[in-house]
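Visitor: My questions all concern the structure below.
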Amino acid sequence: MTDATQSSARPAGNSAFVGYLRTHMREYGILFALIAIMAFFQVATGGILLRPVNVTNLVLQNSYIIIMAVGMLLVIVAGHIDLSVGSVMGFIGALSAVLMVQFGLPFPVAAIVCLLVGAAIGAIQGYWIAYWKIPSFIVTLAGMLVFKGLMMVLLKGQSIGPFPNEFRLIASGFIPDIAAIEGLHLLSLLLGIAAAVVLVYLSLRSRAKEAKHGTPDEPYAFFAGRNVLIAGAVVALVYLLATSRGLPNVLIIMAVLIAGYSFVAKQTTIGRRIYAVGGNQKAAKLSGINSERLTFLVFANMGMLAALAGLVFAARLNMATPKAGETFELDVIAAVFIGGASMAGGVGTIVGAVIGAFIMGVMNNGMSLMGIGIDWQQMIKGLVLLAAVIFDVYNKNKAA
Amino acid sequence: MTSILEMRGITKSFPGVNALENVNLKVEAGEIHALVGENGAGKSTLMKVLSGVYPSGDYEGEILFEGEERHFHSISDSEKCGIVIIHQELALVPLLSIAENIFLGNERASNGVIDWSETYRRTEELLKRVSLKESPRTRVTHLGLGKQQLVEIAKALSKEVKLLILDEPTSSLNETDSQALLKLLVELRSKGISSILISHKLNEISQVADRITVLRDGHTVSTLDCHTQQISEADIVRDMVGRSLKDRFPHGDPKIGEVMFEVRNWTAHHPIHSERKVVDDVSFNVRAGEVVGIAGLMGAGRTELAMSLFGKSYGDRISGEVLLNGQPVDTSSVPRAIANRICYATEDRKTYGLVLDQPIRDNVPLANLNGIANGLVVDNQKEREVAERYRKLMAIKSSGIGQKTVNLSGGNQQKVVLSKWLYAEPEVLILDEPTRGIDVGAKYEIYSIINELAAQGKAIVLISSEMPELLGTCDRIYVMNAGRFVGELPIAEASQEKIMSMILKTGKAA
């Protein structure tokens, strides 16, 4: 019996394998692209890229982009765009400096005020977009100019700093250790291993559920490969960080955000509705989905995350500068599109956006390490963005 | 008389259907030739063949224009010969002026620089010929539909038209504008310009047409000469609808209960032209377990009625009352309508029904996401169970619930839309053209589902342009025309002829 099933299952399994690869080309493609780019720069920089200190740097440098990419993914999936995030981020950084440095407000109070102000900014923009049907491109372009101006008003053209020490720690601090082992940050390593175990457990559980219900879409080899790769990457990353100074605080914030928003996007009715609205707003509305309110919420959320990014950025620089956030919106949007989101809406994943942000980050970092000038960096990043989207369109046309 | 156009043995097929089979059409020079037939009889397809929308080689048969065989590959080919088609939906750019629209793509220019004085002068001449008293500089958006129609004709005249094709030109015009348009056609005829008039309004046709060709199911049924014989509207109707009803409909066993769904004095205005009533004082009811049909021609206001009832999804200044089991209910938003178990399955499944990029699994629960969630969190397993259940129940042919709906056939897409609404557990289900564009087998399955729902005691409203479908599935039929309900027929008394004549009688007032 086993013989019979095996021989009959083999060709079917093989074509399922190829078919799956074809339909999920994009998701794996982006992951392979990140690995290839990392491998390339690891060699090209003579091994500097993956040195513990540089890995720590990579995380810190890209944290604010990733935080915003998470919000931007939802905006783009809903079928919109937000050009104002760079300015909002700069404005909130300035506001936090004014509150903490000039008014001497304690850091938690100031941080909460800043997040609320960010959410309010997003909500105001979202109101025009959702209820007045003003194109998001216009509203947020206006927001980009307005909040850039407001930031300059707050800063009066000066940089403000330094920040209180405990505030700086959110961006440049590391989690404390439990036991002192020479050259290894034990708690970090344990946390990382725990995270890897949880990830594997969760995907095993969901696959078991799927299997109970019928055959899973994903061939087993892919499933196993993907999990080994992800768990391995998490442990390797954490090990590298642990041999340096341990896990940065901001990495914990990012991990929580990524996990939380992935869950919201995939597993909640709100997430489902956002994808449906982005995929076909008319059909979603006729299915009883309040697309206006969702759009409003998505922008309010984006504002709040931009505020969080602003806080992290200001804390990292240890001052608020009038240049903060400039052109960051473009990096964020590029990250989301490299990560596989569609301009038309309805398509994209949080994890994809994060990987897209890392691709941009690794390229920035690697090219800087190689001493490539900013001129070439810009051109290369632009071409990578174009290539990623062409790859998308090519795949889509081939599938159709 | 010599014939200006002769179409011989035209056959055009789409995957799975023969839209036209051996159709012949002969138009004499200087005549108004009417082309009539039910929705889907093949009139538009025939005109698309003629105008080159379906290029030569895409169909069989030959086209002779002015005695020469022609092979048109695009609309511009046929326009060069002097054949101009004016579609039901006008092809004017609203924010451009009359003059700019008339010479769009055909600008009066030398070396790419537009000669405005020549443009305006020519436009004034053309407007005089169609008796339209407007400045050439007026933006088209400021004109009423009747005047826009005249601009279209002026545009056709600017291209040295010899054969003018009008597709339902008066369907959205009032009586005065319609008369002005028909008068213009007669005037053009006296100047030697022939026209093909596609229309459902038989009174207008008998007023101006020289000859009439009737199409049915992609065949030429007859060509009637209005000058040599006396033609009654009944003759035309008989030719239009005369086909047999075989076993295309499953047998239902109606158990009809009390009145469940009632609509009183429902009125809705056009969302942009808010003085126009699209639905005008409509009242009707549906009993539990009853399938009630709404018959009418395209543009009668049936979809608009349904969508305005369903959460005010269409229209402006909506008034009227909706009752469910004798109690007034609030259907003023889609979520409220769904909460009151009133659902509407759209006629346009691709635009309004499905999120095409998403799989069956995500589309089925879309109108009732709370049903697959604990609080805010989606229960994946329950979602799969629900999708799988409906996939089996409705026999949706697919590789699995993970298949994207964009890759399903029309009939299976329709079943996904129906699944979505069944999962929302409706008491009243309004189905708008549920079998449009799907094959006979899938139609039969959809009819079976409708019967099954009625047997469960639900109230079904079936909007359809296919009369055999209404006669085969419904227990009672309302007839709608120009925004009003113009008749009600128990199924025992209903026939295609009766429905058609109800529509045509009231067409005069439209």
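Using N, Cα and C of the backbone, Cβ positions are placed for all residues, glycine too.
What TrEMBL shows for this protein is this:
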type: TRANSMEM; residues: A:30-50; note: transmembrane segment
type: TRANSMEM; residues: A:62-78; note: transmembrane segment
type: TRANSMEM; residues: A:85-103; note: transmembrane segment
type: TRANSMEM; residues: A:109-130; note: transmembrane segment
type: TRANSMEM; residues: A:137-158; note: transmembrane segment
type: TRANSMEM; residues: A:178-202; note: transmembrane segment
type: TRANSMEM; residues: A:223-241; note: transmembrane segment
type: TRANSMEM; residues: A:247-264; note: transmembrane segment
type: TRANSMEM; residues: A:294-315; note: transmembrane segment
type: TRANSMEM; residues: A:335-360; note: transmembrane segment
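Could you tell me the structural context for the features on the list?
Guide: Residues of the same chain lying 6 or more positions beyond the ends of the transmembrane segment (A:109-130) and with a Cβ under 8 Å from any Cβ of it are 80, 82, 84, 88, 91-92, 95-96, 99-100, 136, 139-140, 143, 147, 167, 291-308, 310-311.
Sequence-distant contacts of the transmembrane segment (A:223-241) (same chain, at least 6 residues past either end, Cβ-Cβ under 8 Å): 31, 50-52, 55-56, 59, 185, 188-189, 191-193, 195-197, 199-200, 203-204, 207, 216, 247-248, 251.
Sequence-distant contacts of the transmembrane segment (A:294-315) (same chain, at least 6 residues past either end, Cβ-Cβ under 8 Å): 63-65, 67-68, 70-72, 74-75, 78, 80, 82, 84-85, 88-94, 96-97, 111, 114-115, 117-123, 125-127, 129-131, 136, 163, 167-172, 250, 253, 257, 270, 273-274, 277, 324-325, 328.
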Visitor: Can you see whether the transmembrane segment (A:137-158) and the transmembrane segment (A:85-103) are touching - at least 3 CB pairs under 8 angstroms, only pairs 6 or more apart in sequence?
Guide: yes
Visitor: For the transmembrane segment (A:335-360), which stretch among A:62-78, A:178-202, A:247-264 has the most Cβ pairs under 8 A?
Guide: A:62-78
Visitor: If you count Cβ pairs under 8 Å, which stretch among A:30-50, A:62-78, A:85-103, A:178-202 touches the transmembrane segment (A:247-264) the most?
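Guide: If we count Cβ pairs closer than 8 Å to the transmembrane segment (A:247-264), A:62-78 scores highest.
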